[in-house]
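These notes concern the structure reproduced below.
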Amino acid sequence: MSKGIIFSGQGAQKVGMGQSLFEGSPTAKALYEKADEVLGWKLSEISFNGPEETLTETRVCQPALYVHGFTVYTLLEEAGKTGDISLAAGLSLGELTALAAAGSFSFEDGLRVVAERGRLMQEACDATDGAMASMIGGEVEAVKELCAAHDVDMANLNCPGQIVISGETAKVGQAVEAAKAAGTFRMVVPLKVAGAYHSRLMEPARVKFEEFLQGVEIKEPQLTVLSNTTGKAVKTAAEIREALAKQVVSSVLWEDCMREAASMGVTDFYECGLGAVLAGMAKRTDRSWIVKSIAEFADLG
């Protein structure tokens, strides 16, 4: 049976990420050194040593997660463990790592794309007053009604009972208070984020990112890659460019991606990322799915 490979999104980062890979593998060391060279600043130093507030910045954590995820995948490949992988997907930023793993762009080009995405999203965050909140233990329709009533957007549909809303800080605050008062959800949790990701407030970033992508060489993926915006596979360079630009302002349909993978017979995954976040979401969607999370060099054994 074929396997899938899935990659973490923003929020999974932590100080120390990648250091055991760097110290345990010459291949990983070379990738981190190449990343530092491409970016023109010491991603490795910030990933390994922080400070946390710098690593958490959108412009930093997106490249950090990309390099970490791609490095884990490369080491799996080096160990001969990727021969049965037929499908790749990633949560938000992780979709770009999935495309790089599938050969749609080189490690270096993918890193440049991720760095620009992070820069543009940081720029949009700085120019707006945005917030996000997680609605836990409720139904999709209830979240849709809440969003419509308070003029905010659904940012992430991660797994059953876990949906994130995004928008202007005041409006998200009103939605949170309304949700708590109504008792519609088991928990309502405001998120510690820099802005309103995957909402209309990211439109300036989408426009500039779409333009940037026109100058990037993108190849047909060698694995099935699922898009966050549709939950379906993207196959051509044009489809990939459109999906990546649209994703910046659209809902991340992660549950749909995972169910689509299962419909293709893929229910066994490697998660390249920290904190086993995607493994947890998978278990809340279908307990029969198998996810092996790999973040450290020791996990590769």
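Including glycine, each Cβ sits where the backbone N, Cα and C put it.
Look at TrEMBL and you will find 6-297 tagged as domain 'Malonyl-CoA:ACP transacylase (MAT)'.
If you look up TrEMBL, you'll see S92 (among others) marked as active site. Under the DSSP three-state reduction, S92 (active site) is assigned to coil, being neither helix nor strand.
Counting only residues at least six positions away in the same chain, the Cβ atoms of S92, D153, A155, N156, V164, S166, Q247, V248, V249, S250, S251, V252 sit under 8 Å from the Cβ of H198 (active site). Annotation comment: TrEMBL describes H198 (among others) as active site.
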CB contacts for S92 (active site) [other CB atoms within 10 A, all chains]: 23
